[in-house]
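**Q** Here's the feature list from TrEMBL:
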TRANSMEM  B:21-45  transmembrane segment
TRANSMEM  B:194-219  transmembrane segment
DOMAIN    B:201-313  domain 'ABC3 transporter permease C-terminal'
TRANSMEM  B:239-269  transmembrane segment
TRANSMEM  B:289-310  transmembrane segment
TRANSMEM  B:331-348  transmembrane segment
TRANSMEM  B:354-383  transmembrane segment
TRANSMEM  B:404-430  transmembrane segment
TRANSMEM  B:527-550  transmembrane segment
TRANSMEM  B:578-601  transmembrane segment
TRANSMEM  B:607-629  transmembrane segment
Amino acid sequence: MNDVLVGRALVKRFGQTVALGGVDIAVRAGEAVAIMGPSGSGKSTLLHCLAGIMKPDAGEVHLLGQRIDTMGERKRSELRRTRFGFVFQFGQLLPELPAEENVALPLMLGGVPRSQAVRQAREWFGPLGLQTMETRRPGELSGGQAQRVAIARALVSRPAVVFADEPTGALDQRTGHDTMRLLVEATKHNGASLIVVTHDPNVAGWCDRTVEVRDGQLAGVRA
Amino acid sequence: MNLALTWRLLKGGGRRGMLGTWLTLGAVAVSTALLLFAIAANFAFQARADRGAWRNPVPASSGAVAIEASRYDFVRGRAISVVDLAALGKQAPAPPPGLPRFPRPGETWLSPALAELARQLPADQFAARYPHQAGVLGDEALIHPGELVAVVGRAPDDPAMTAARSEDWIVSQAPVRVASLAGAPSQDATNYQALAVVAGVLMVVPLLVFGGAAARLTVARRDQRLAALRLVGATPGQVVGMTVAEAVMVALAGALTGTVAYVLAAPLLARIEMQGGPWFAGDVFPPPWVFAAVLVAVPLLVGLSAVAGLRRVVVSPLGVAKRETPPALRAVRVVALLAALVMFPLLTRGAGVAIIGTALALVFLCVNLVGPWVVGLIGRITAGTARGPARLLAGRRLVDDPRSAWRTVSGVALTGFVAGFIGLLSPAVLDQPPAGPPQLRVLAPAGQVEQVARQARERLRESGLTATVKPDKSLVVATLGGAADDAALDRARTALAGLVPGRTPTTPSDDKRFGDQLLADVRVGTVVVLAVSFLVAIASSGITAMSSVLDRRQTYGLLRLAGTPLELLDRARRAETLIPLTVMGGGAILVGVFCAMPFMIGGMSTAGAVTLAGCVVVGFAGVIGAGALSRPLLRAVTADPAPRPD
């Protein structure tokens, strides 16, 4: 199978606490995977290890066949910037920048000239239902709108994998539903894989597959 | 109940919360110590003026009890203040401070340092000038420790008490009949006090700005929490009460720390030489009520500043929780500065020190008022023209919160104002040693030039000195033999002492000494004011840089998490500081130079230009260095893999 991201026997400890006790996971191209579990189960730690935010104590992480957990911080930073996209629960938009510049930021970080980066960023506003919101600042957007701007930002650099940590946690049910639909559709439309950490079965319902984590172990997989 | 909750929240702020508290405490401590220094300097000059007053006689309209005259003598290149006293009645008048009794005719009283010198040097070089030493002067008679003073008792009809003296009030005082020896502070002492007031204003204004920044630092850390308190229904009064209580608690601790720091540093500060010497330990300790007033005023000011910073939260509970485009600052701020600049030369022309000081403080505050507006403007230009993310981020942040960006650089920019102002006012000391063999000159009374020249020749010959003595108009000029050293010069001074009653034979460098001394003191004063300003400025920019990292830790953390290199965040932070610093620092220097123009003595000096250039270099290096100090903090706060707002 054409696995994009593979984690093998991942172990992560925080002092005496074992957050991950040897987890194996593989995500295919274009696949949407939900990681579910109660609070403290290790699901966020798993996401951080897969995304190169954290180094696992043991085990391996491969992106498109290349091992990434042994890379230095600089390399992993570059990887996160170019090959991954992130959507969080809140606070990910820079309050000082208008929406379009927030979306253009990853491109500019990659060296794309500002005018071109902003032009490319604007192309995302229509499909995500954000027309006329380009110059608004995060404080002037609703929670759902801010989350859609964050989705545009996660996808603008055409990543291989998008990581979402409780992306609808701060939204009401209806807005959460719309946001998840847009996230899954836009990610698939771009050929990227999606890994969503959530404790909400409705959110997980949007994904192709759900992975259950309990006490740092995989507790089950549902298609 | 608010106090208990405040204390609970202050303690429960966690490591980062406590770090912010410590930063505020440190900032207030530095401010308090330097504020005490600025105030103490004024009291110290006052103390010197009071102690020296007895040497500046006030003519009596009636009931004169004594005659007082003064002049300067010199030994080993140092000035000696010589006071001649003669009692008028049969009963000796009350003695001046530092003397146990009024000196009798013929006896001399020397200051401890001068008495020591008299013991060390051969009599024909010094002691013979002041025979019959009756005792040593107490410290109450001295302007500064180690000062060289001689008090000579004379009869009222002694030629020294009747002869005319130099017209220059700095060099000597003609004999004056006085009703008491209390005297009045001299013109010289009053001038120094005026300079101390100006220096005080220049130091206190940045301190107030710094103190205010420190207070708002507390609020910046707390605003989200306080907005949350408002959201759950705390009344504006409760929110204000809690903020003030927290700010005042921290400020009081800071003020106490600062006071202790000042007391510990005072012996070192007393070593700074001014008017030819260091200070008595008591001079640099202002009266206890000053300490008490500072300990009350500093926490009060910090509390008020905190209230001002809280206005937005109190007005709207959502004001801080929701980030919106802040209203642009009004250009009327610029009008205020321009108006102040137009008024400055008009206000200060021939005005008293109080008015000059006030006008200076006004311009200073206007620069501070214009700062945020200019920073906002620079931000818009930077963001508009930015190509890369670092400049874009920096520009947008400047637009977003110009006041906080200004806080980071205001200290250094305002020091630029000080540097610009005093850079022009510190002309170079013309300290070239006179060429050729040493010369002693003394003004002879009218018609006696030849006679005085003859006597001078005899006296020098009797002392075994080779010298050519020639009259030059009304002056008698004794040129010593080519190989004459300090010892020979002092022998010649001793030989010629009392040649013309009431006049001291002087070398050309003796005559220049008082001008040189004043310029040297202005230079020391400049260095002290600049050192204090820079200390404040750099500490201030360091603290604001750290608090800005703490305030934005969530944003920084998420940016790092999304793959933004730490260097880029650092570059944006640097640009955010250095761009406004360059514009505002340069602008403030120009404003300072403009304000100094009405008081300029001659052209701009090399020393002034060097001081100014030095300030620019130290300022930039200091701000960059202070910013770099917060880099580990940036690394630490961004190392957290899952930043959550707290």
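Each position is counted from 1, following the chain as shown.
Including glycine, each Cβ sits where the backbone N, Cα and C put it.
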**Q** Compare B:21-45, B:354-383, B:527-550 by their Cβ pairs under 8 Å to the transmembrane segment (B:331-348) and return the stretch that comes out on top.
**A** B:354-383
**Q** Find the average pLDDT over the domain 'ABC3 transporter permease C-terminal' (B:201-313) in the predicted model and report it.
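**A** Mean per-residue confidence for the domain 'ABC3 transporter permease C-terminal' (B:201-313): 81 out of 100.
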**Q** Flag the pair the transmembrane segment (B:607-629) / the transmembrane segment (B:239-269) as in contact if three or more Cβ pairs fall under 8 Å (sequence separation 6 or more).
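**A** They do not touch: fewer than three Cβ pairs between the two stretches lie under 8 Å.
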**Q** Does the transmembrane segment (B:578-601) come close to the transmembrane segment (B:21-45), meaning at least 3 CB pairs under 8 Å for residues 6 or more apart?
**A** no
**Q** With a cut-off of 8 Å between Cβ atoms, can you find at least three pairs linking the transmembrane segment (B:578-601) to the transmembrane segment (B:354-383)? Only pairs 6 or more residues apart in sequence count.
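**A** Yes, the transmembrane segment (B:578-601) and the transmembrane segment (B:354-383) are in contact.
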